[in-house]
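Each remark here refers to the structure printed beneath this line.
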Amino acid sequence: MTQQNAARNPGLYGGKSSRRITVRDIAAAKRRGEKWPMLTAYDAMTASVFDEAGIPVMLVGDSMGNTHLGYDSTVPVTLDEMTMLSAAVVRGTRRALIVGDLPFGSYQEGPAQALRSATRLLKEAGVGAVKLEGGERSADQIRLLVEAGIPVMAHVGLTPQSVLAFGGHPVQGRGEEAAQQLLRDAKAVQDAGAFAVVLELVTAELAAEVTRSLHIPTVGIGAGAECDAQVLVWTDMAGMTDWPGGRMPRFVKQYARLRESLGDAAKAFAEDVVSGAYPAPEHSFRS
Ligand code: KIV
């Protein structure tokens, strides 16, 4: 976006304001029919790059289990890990709304546990909102958090914390019964007070219907073009992820080839060290 356009645009992306984005700004964007981008972030330096690029909402996703902590899924991620990385992302940003994920096991026991976990993320990490998975089954948790003044982003469709129950990553909402359940889930989280809802791996037609029927924004990942917002895991978006078996999911679009660039940089450094080309005189100190 040019500077002139940015000055005219009151929007979430490219808007002029340097204060933190709030959930009120998100609601206003839905009323304006404005689409917006969200990326995951897990550390201060990367988050600062996205903040400078104007990304208005960042999710400290429990996808950190796969991308940064070396786990096979999001299931092992702990609240301690989430708190530490969320705090780093908050410190690295000035404008974006930072959403911290509630990891598996930190809210399933019920509303009281959800409130304890979310309170920790707000007080210790400084996030502006939390996200949790589940539709009807998580509505009581969402309601209590919202009553306590905690903005909640919900997450329905494919919910990765239930990967063992799903037995993989199947597309959600196919067939009349599944579609009706997904609509009920989306409505339940809206009624419970969520300010936005992630739709993951949902057919494009159903995601469009959900988006039309809700007054809160939908954030799609593998859910077609009609959602109000789109989210990608940043390491997927930037070509950093090493896909198991080399199979990149269909919904990912890569905007850079960071894995290759970083590998090339590491090799060039190693070759310079081995050949003696680095450090050169200009990198050295003299007495
Ligand atoms: O953890 C995560 O990164 C997520 C997004 C994929 C929505 O939940």
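A Cβ is built for glycine as well, from the same backbone N, Cα and C atoms used for every other residue.
Here TrEMBL has Asp62, Ser63, Asp101 binding 3-methyl-2-oxobutanoate, and the candidate from Lys35, Lys123, Lys131 in that same listed site is Lys131. Ligand 1 lies under 6 Å from the Cβ of Asp62, Ser63, out of the binding-site residues Asp62, Ser63, Glu133. Rounded to the nearest whole angstrom, the C-alpha distance between Glu200 (active site, proton acceptor) and Lys131 (3-methyl-2-oxobutanoate binding site) is 13.
Of the binding-site residues Asp101, Glu133, Asp101 has the largest number of other Cβ atoms within 10 Å of its own Cβ.
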